[in-house]
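A short worksheet on the structure shown next.
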Amino acid sequence: MHIAVLGGGSWGTALADMLARKGERVRLWVRNAEAAREISETGMNARYLPGHALCPALEARSDPAEVLHGTDCVVLAIPCQSMDGCLRDLRGFFPPAPRIVCASKGVELGTFRTMRQVVEDGLAGLTPRYAILSGPSFASEVAACRPTAVVLGCTDPDMADFAQHLFSTRHLRVYVNDDVTGVELGGAVKNIMAIASGIADGVGFGENARAGLITRGLSEMSRLGAALGARPETFMGLSGLGDLVLTCTGDQSRNRRVGLAIGGGKTLEETLANMRNVAEGVKTTQAVRELGLKLGIELPITEQVHAVLFTGKDPAGAVHELMNRPLRDE
Ligand SMILES: NC(=O)C1=CN([C@@H]2O[C@H](COP(=O)(O)OP(=O)(O)OC[C@H]3O[C@@H](n4cnc5c(N)ncnc54)[C@H](O)[C@@H]3O)[C@@H](O)[C@H]2O)C=CC1
Ligand SMILES: O=C(CO)COP(=O)(O)O
């Protein structure tokens with residue numbers, strides 16, 4: 001198989017490396033020519049996957065024609081807010097009816113599009129076959145061959161079968177779920193909850209608060225998902241509950257780390273200025289809050305995360321509001 005991976009950050013590099021180790025012919029597209037050359041020459045991606053020796057067969061390139069020519073499958077690992085622009089720039093290099101596996105997790109600001117919609121619009125006319133890869137999976141642990149379980153959201157049985165077999169290894173167990181909307185929203189909304197949990201832990205609210213946030217966060221994502229046609233049980237799976245547990249408790253999570261810094265007294269600007277990786281939850285908080293308002297769905301945790309991030313609200317005041325909402329059944 002010839003696989004093109006677009007996006008040379010932590011996740012794109014880890015997935016490209018994993019597929020190359022499996023024996024696939026993998027080309028990693030990195031937009032910066034100097035960075036591509038450095039990855040190929042040193043066999044490392046020192047900026048995004050430090051300390052990990054890459055499979056020698058993995059080729060990093062900055063020329064999209066070279067990467068996409070004759071590809072059997074394109075893996076997308078570009079930050080969600082850049083996905084549309086990137087696809088529109090590169091669409092001329094895609095083969096017809098491309099198989100696309102999107103590994104990015106977020107909702108587009110302004111349009112509320114999930115990545116499936118961004119791909120369908122960006123590659124309109126090429127009839128892409130789409131799957132979304134989601135679930136609890138820190139890039140560094142996948143690169144280190146630690147046991148990991150993920151889920152592919154896909155409605156096309158042939159594509160699902162193809163992608164499930166492509167990504168499965170002795171260390172990576174891949175499930176399939178035909179509820180693409182649910183799988184996409186689970187991966188996107190958990191980033192907001194990871195920020196919330198980081199804020200709570202940064203302030204020192206304690207472990208009860210974190211467990212409450214994870215559980216009510218699950219309820220919040222299910223409510224939004226149901227309004228958008230997702231199945232509630234999808235959120236009990238790897239993309240919802242699984243990724244909530246990982247990123248609300250695991251300090252490798254960039255979104256959780258944003259929350260920890262803000263709970264510890266830093267501003268959003270200071271926090272983001274000190275980060276080299278994308279924390280998708282920041283923009284997804286804005287997008288999902290607006291979407292909730294548009295649909296008339298109550299998203300209380302998202303609302304408070306938004307207030308803390310963007311209006312400078314004191315986290316203690318945000319928790320006070322969450323705790324003192326009208327009493328209700330679970
Ligand atoms: N790192 C992780 O453990 C995981 C990340 N993800 C998701 O994967 C996506 C990518 O995340 P990471 O690789 O971790 O991010 P990262 O911050 O490590 O790297 C982002 C990469 O995208 C590149 N990039 C940014 N804008 C671009 C553009 N317009 N065109 C081309 N390249 C561009 C950057 O140069 C960088 O190489 C995100 O949606 C994230 O939520 C999903 C699962 C695990
Ligand atoms: O989605 C992830 C793991 O499943 C990565 O989470 P962060 O982007 O918060 O690091």
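Backbone N, Cα and C define each Cβ position, glycine as well.
Among the candidates LYS105, LYS313, the residue that TrEMBL names alongside ARG254, ASN255 for the substrate site is LYS105. When the candidates ALA124, ALA139 are compared with the NAD(+) site entry in TrEMBL, which names GLY7, GLY8, GLY9, SER10, TRP11, GLY12, ARG254, the shared residue is ALA139. Across the domain 'Glycerol-3-phosphate dehydrogenase NAD-dependent C-terminal' (179-319), the DSSP tally of helix, strand and coil residues reads 110 helix, 0 strand, 31 coil.
Proximity to GLU280 (NADPH binding site), judged by a C-alpha distance within 10 Å, picks out ARG254 from the binding-site residues GLY8, TRP11, GLY12, ALA139, ARG254.
Compared over the recorded positions GLY7, ARG31, LYS190, ARG254, GLU280, the count of CB atoms lying within 10 A of a residue's CB peaks at LYS190. Residue pairs drawn from GLY7, GLY8, GLY9, SER10, TRP11, GLY12, ALA139, ARG254, the listed NAD(+) binders, are separated by up to 17 Å at the Cα level. Non-local neighbourhood of ALA139 (NAD(+) binding site): SER10, TRP11, THR13, ALA14, LEU15, LEU49, each in the same chain, at least six residues away, with C-beta under 8 Å from its C-beta.
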